[in-house]
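Participant: Pulled these from Swiss-Prot:
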ACT_SITE  HIS322  active site, proton acceptor
BINDING   GLY93, ALA94, SER95, GLY96, ASP97, LEU98, ALA99, LYS100, ARG127, LYS230  NADP(+) 1 binding site
BINDING   LYS230, HIS260, TYR261, LEU262, GLY263, LYS264, GLU298, ASP317, LYS418, LYS423, GLN459  D-glucose 6-phosphate binding site
BINDING   LYS415, ARG424, ARG428, ARG457, TYR465, LEU466, LYS467, ARG550  NADP(+) 2 binding site
DISULFID  CYS145-CYS153  disulfide bond
Amino acid sequence: MEELVSCHHLPLLCLQSSVPPNGCLTFFQDSACQRCSHSEFSNGHPLNDVSLQNDVAVNPIVAKSIDPSADLQLLPLLESVKEEPTLSIIVVGASGDLAKKKIFPALFALFYENCLPENFTVFGFSRTEMNDEELRTMISKTLTCRIDQRENCGEKMDHFLQRCFYHSGQYNSEDDFSGLDCKLKEKEAGRLQNRLFYLSIPPNIFVDVVRCVSHRASSASGWTRVIVEKPFGRDSDSSRELTRSFKQYLSEDQIFRIDHYLGKELVENLSVLRFSNLVFEPLWSRNYIRNVQLIFSEDFGTEGRGGYFDNYGIIRDIMQNHLLQILALFAMETPVSLDAEDIRNEKVKVLRSMKPLKLQDVVVGQYKGHSKGNKSYSGYTDDPTVPNNSVTPTFAAAALFIDNARWDGVPFLMKAGKALHTKRAEIRVQFRHVPGNLYKKTFGTDLDKATNELVLRVQPDEAIYLKINNKVPGLGMRLDRTDLNLCYSTRYRGEIPDAYERLLLDAIEGERRLFIRSDKLDAAWSLFTPLLKELEEKKVAPELYPYGSRGPVGAHYLAAKHNVRWGDLSGEDS
């Protein structure tokens, strides 16, 4: 329900029964009051409980004939109309790791910062048998007042937990979702219902849950939105089929496909850095940028998740979504506005300007066992949940190109891997050499020192730094490369919000800028599907690399093929 218009602070009353076709009747003292649309407020549902309170007549009423004293009889009803809508957040898959480690803590952080509406409840739904108190005990183990150390932290935590409830059921049972709906209505108490469902479940049961939500648990008077976690299919065909199935039950604006990397602080800051600083925007093209590197590395392997990971691999898990979405944000043209659709339109244009990846532009690897000191690290296929003959890549590097006037000829290099020497995620922009550089003899043949580089470190230790050439103090002429460094932990006090906090708040507010639209998803899959099919059909053997190393040697040859050196492998960044 939209907010009711008022005249002299007297709210409108919209009665559905026997209402003239041109809209709802308005109680007014001023002829300037406007009518409200009948469909806007009723949402097509029968007369609601609020309208039936206090024996209010439902026959046509002529506004001008109302006795002013009748206003007193309507005050309880008018007060109920003014109540804030309820917000019900339903975490489907509440007993899973993602819900416990990320979703519930993010919701508590939003509550802690007073970002949730007054009338909110959180419901957990899963197959696990549990009651409300058991859910609260489970949630409480992962909640922390990490933002700061206010004295009322414990009190806030207790208040949040009292808003948390649980309903057990099967994901494909409409009856179980009807039971959930009854519990939701009990908490909503006849007020306007807004419902947000977070699907923290395996993708093979997405459609069952969406069907049950649509048929039995959607809001009768407000909005219903569904957040969907990746993976969104395995290739173009399965992704399109998933989207088609969703749209049998939901409209596109109800579907919030989440990629939590787009909620990272440094990724969010990327467009601000570019479009609000004159020093960068003129340089953002092939004229000044030599290459762009998007790097994701983890210093641990699959460790127990091998069975799940083996079905997808590093390309589907990281490159096709996280890194490609960041690339689109980095390379897009200036949008008309900051409106969600304007930004998403520009990102889709970037993806459609790219050619599908070919096998010769990709290197795949898989980590093997390695001993370091007195400690031994198991290889990928040593995991008991992984087939011994698996060729699923745990590392991939790729070179992509954008065929448009801004980026023609600029290689965009992606690299993602597990069990590497460090954990990091960053965007590295290497600029071209200075034409006719007066100091080139001082640099010698060291390519690194001759190149300016802008680095956005997404994690850990968020930072933005620009590598520049500088004279070392002294009598001689010796040049050194140094950093102009913005380290977030030094410059800004307080902890940076988690990506899930930002994205959950955006979904609640209906802000879609950081969520993935269906056409963008389709464009992303079209780039990687031919490559994935070729890898699987030919059973391409990945290059082995030791656990804890810098990855397969082939990645260096791929970069050298495009006259690039990986920026994260220089001595100063190791």
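Using N, Cα and C of the backbone, Cβ positions are placed for all residues, glycine too.
Each of the listed features needs to be described in terms of its position in the shown structure.
Facilitator: Cβ neighbour count for HIS322 (active site, proton acceptor) (all protein chains, 10 Å cutoff from its Cβ): 23.
Summarising the environment of GLY93 (NADP(+) 1 binding site), the number of other Cβ atoms within 10 Å of its Cβ, over all protein chains shown, is 23. DSSP assigns GLY93 (NADP(+) 1 binding site) to coil in the three-state reduction, outside any helix or strand.
In the three-state DSSP scheme, GLU298 (D-glucose 6-phosphate binding site) falls into the coil class.
Secondary structure from DSSP puts LEU466 (NADP(+) 2 binding site) in a beta strand. Sequence-distant contacts (6 or more apart, same chain, Cβ under 8 Å) of LEU466 (NADP(+) 2 binding site) comprise ASN452, GLU453, LEU454, VAL455, ASP483, LEU484.
The secondary structure of CYS145 (disulfide bond), as reduced to three states from DSSP, is coil rather than helix or strand. If you draw a 10 Å sphere around the CB of CYS145 (disulfide bond), it holds 16 other CB atoms from the protein chains shown.
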Participant: Within its own chain, what residues at least 6 apart in sequence put their Cβ under 8 Å from the Cβ of TYR465 (NADP(+) 2 binding site), listed in sequence order?
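Facilitator: In sequence order, LEU454, VAL455, ARG457, ASP483, LEU484, ASN485, LEU486, CYS487 meet the Cβ cut-off.
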Participant: Restricting the comparison to the recorded positions ALA99, CYS145, CYS153, LYS467, ARG550, which residue's C-alpha is spatially nearest the C-alpha of TYR261 (D-glucose 6-phosphate binding site)?
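Facilitator: Nearest by Cα distance to TYR261 (D-glucose 6-phosphate binding site): ALA99.
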Participant: Please find, for LYS415, ARG424, ARG428, ARG457, TYR465, LEU466, LYS467, ARG550 as listed binding NADP(+) 2, the greatest distance between any two Cα atoms, in Å.
Facilitator: 24
Participant: Where the distance is taken from Cα to Cα, which of the binding-site residues GLY263, LYS418, ARG424, ARG550 turns out closest to ALA99 (NADP(+) 1 binding site)?
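Facilitator: Spatially nearest to ALA99 (NADP(+) 1 binding site) by Cα position is GLY263.
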Participant: For the D-glucose 6-phosphate site made of LYS230, HIS260, TYR261, LEU262, GLY263, LYS264, GLU298, ASP317, LYS418, LYS423, GLN459, how many Å separate the two farthest Cα atoms?
Facilitator: 22
Participant: I need the nearest neighbour of LYS418 (D-glucose 6-phosphate binding site) among the recorded positions CYS145, CYS153, HIS322, ARG550, using C-alpha distances.
Facilitator: ARG550
Participant: Only counting partners 6 or more residues apart, tell me which same-chain residues put their Cβ under 8 Å from the Cβ of ARG428 (NADP(+) 2 binding site).
Facilitator: VAL292, GLN293, LEU294, ILE295, GLU453, LEU454, VAL455, LEU456, GLY567, ASP568
